[in-house]
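**Q** Feature annotation from TrEMBL assigns transmembrane segment to 87-106, 112-134, 164-184, 196-216, 223-243, 263-282, 294-320, 340-368, 408-426, 447-465.
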Amino acid sequence: MALVSVHCYPLPKPSFLTTPHSSVSAGTPPLRRVITRRGTRRSLQRCLCSQYAGEREPPDSPQQLERLFSNLNQATMKHDPGSLTSAIFLVAGTTVGAGILAIPAVTQEAGFLASAVTCISCWLYMVVTGLLVAEVNVNTMCELGSGGVSLVSMAMRTLGTSGVRTACLSYLFIHYALLIAYVARSSDIITNSLGIPLWESATLFSLAFGGICYFGSQRLVGAVNGFLVVGILTSFTSLVVVASGNLQWSSLLEANFAAAPQSIPIIALSFVYQNVVPVLCTNLEGDLSKVRTAIIAGTAIPLALFLVWDGVILGTLPGIAGGSNVSDPLELLRSSNGIVGPIVEAFSFLAIGTSYIGFVLGLSDFLADLLKLPSDKNKPLPYLLTLLPPLVLSQLDPEIFFKALDFAGTYGVLVLFGVFPAAMSWSERYSDKLEAPVPPIVPGGKFTLGVVMGGALFVIVSEIIKDIMHLQGLH
């Protein structure tokens with residue numbers, strides 16, 4: 001088969017007599033500009049791919065694939081379509097981070113059955129919020145006429161200045177806190193393995209993975225993420241096989257649903273990937289069908305890992321499920337089985353590596369947009385601002401960070417990736433001042449958006465009340 005050829009056809013004028021299920025609907029409001037990843041702006045067209053080179057098919061051809069714009073490789077000057085497989089690996093790698101190591105500790109009191117229900121519910125919730133971010137992101141790209149649109153531009157367009165300030169503070173706090181955690185934990189692993197000082201380990205990790213993000217192409221970053229995800233699956237399988245030798249199946253049926261809500265902030269933090277959704281939308285050329293597939297498939301992999309991981313830990317250690325007397329089940333498992341230790345270290349390092357790449361890409365794009373830097377090529381300043389603070393702060397007292405990390409999981413994640421996506425989508429869909437060229441990809445209208453915002457606010461208020469009662473108890 002010959003190489004794919006790319007042609008852009010102007011959309012016909014809107015007509016309200018067409019069916020909503022047609023592949024190229026004339027009823028879809030025409031977009032305003034063609035958006036090129038690294039190019040100029042011009043009047044809007046929708047780009048359609050022909051399957052065979054040199055074949056210019058009419059716009060109603062069923063063989064054509066719809067996308068919003070075309071990415072151009074500046075080195076080869078050829079069309080550079082994003083890889084759906086790489087996008088799935090990016091989402092999965094970003095999601096599978098250090099949070100998985102904390103899940104057994106926060107779910108032990110609830111037991112596996114109750115925590116499994118909570119985990120699946122949080123997964124569905126975070127999938128919906130990610131799709132809402134993608135929807136608003138693509139509509140913002142249509143209006144602004146540029147790719148690489150971050151949460152700043154999305155919040156400014158939909159929620160105004162106050163929304164931008166709140167989003168910026170939450171976004172920066174969450175990302176820097178998690179990056180500090182990743183650098184600190186990875187430096188511990190490297191130091192234990194190589195015997196070098198912590199600061200050298202932290203510098204080595206930051207330079208290696210930060211360099212991949214800055215110098216690497218989309219294809220290289222995708223390949224590295226794919227390799228790391230395969231390594232995660234391999235080490236995870238080995239860990240499950242070794243640790244499940246003493247699995248007590250009856251322990252998996254224990255459930256304390258009253259204790260399940262307290263694990264929601266950490267589980268929600270473990271499913272954070274929304275920071276790379278703007279990157280996905282740009283890499284996949286605004287094709288929301290591909291973005292939806294990448295989000296659902298990319299988060300389903302961590303969901304399966306979380307459930308199996310939690311089941312093995314809670315079902316292997318007798319007396320841990322349903323109790324709160326063990327602060328760190330993973331440490332108990334390490335001490336009871338000498339083979340588990342190196343496997344856990346390998347799994348932790350690979351999981352941290354994938355998340356680190358995703359968070360660096362997301363935060364650097366965010367800072368570039370915040371600083372109003374052009375997106376035609378990589379700029380060193382956003383990457384320096386992304387990599388240096390976590391490198392420095394990870395060498396300070398870790399107790400301060402872990403307290404901040406708990407606060408970030410409780411409030412920051414549920415605000416930024418819970419309330420905000422629904423609020424932005426509500427403003428975009430139901431405001432007379434905004435246009436939404438792309439039809440909604442999350443069904444349910446105001447009811448769904450209300451449930452998303454209400455659920456996050458309920459958990460946040462509950463945690464605030466609990467913290468206040470805890471502080472009163474101390475005095």
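One is the number of the first residue shown, and numbering goes on along the chain from there.
Every residue gets a Cβ built from N, Cα and C, even glycine.
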**Q** Could you name the stretch, out of 112-134, 196-216, 340-368, with the greatest number of CB pairs under 8 A to the transmembrane segment (408-426)?
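**A** Between the candidates 112-134, 196-216, 340-368, the best contact partner of the transmembrane segment (408-426) is 112-134.
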**Q** Do at least three CB pairs under 8 A connect the transmembrane segment (447-465) and the transmembrane segment (87-106), leaving out pairs fewer than 6 apart in sequence?
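**A** Touching, no - the transmembrane segment (87-106) and the transmembrane segment (447-465) miss the threshold of 3 or more Cβ pairs under 8 Å.
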**Q** Among 164-184, 223-243, 294-320, which stretch has the most Cβ pairs under 8 Å to the transmembrane segment (263-282)?
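**A** Looking only at 164-184, 223-243, 294-320, the most contacts with the transmembrane segment (263-282) come from 294-320.
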**Q** Below 8 angstroms Cβ to Cβ, which residues of this chain, lying six or more residues outside the transmembrane segment (196-216), approach it?
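**A** Residues 183-184, 186-190, 224, 353, 356-357, 360-361, 364, 378, 380, 383, 386-387, 390-391, 394-395.
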**Q** Under a Cβ pair cut-off of under 8 Å, which of the recorded stretches 164-184, 223-243, 294-320, 447-465 contacts the transmembrane segment (112-134) most often?
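**A** That would be 294-320.
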**Q** Report the listed stretch (223-243, 294-320, 340-368) having the maximum count of Cβ pairs within less than 8 Å of the transmembrane segment (164-184).
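**A** That would be 340-368.
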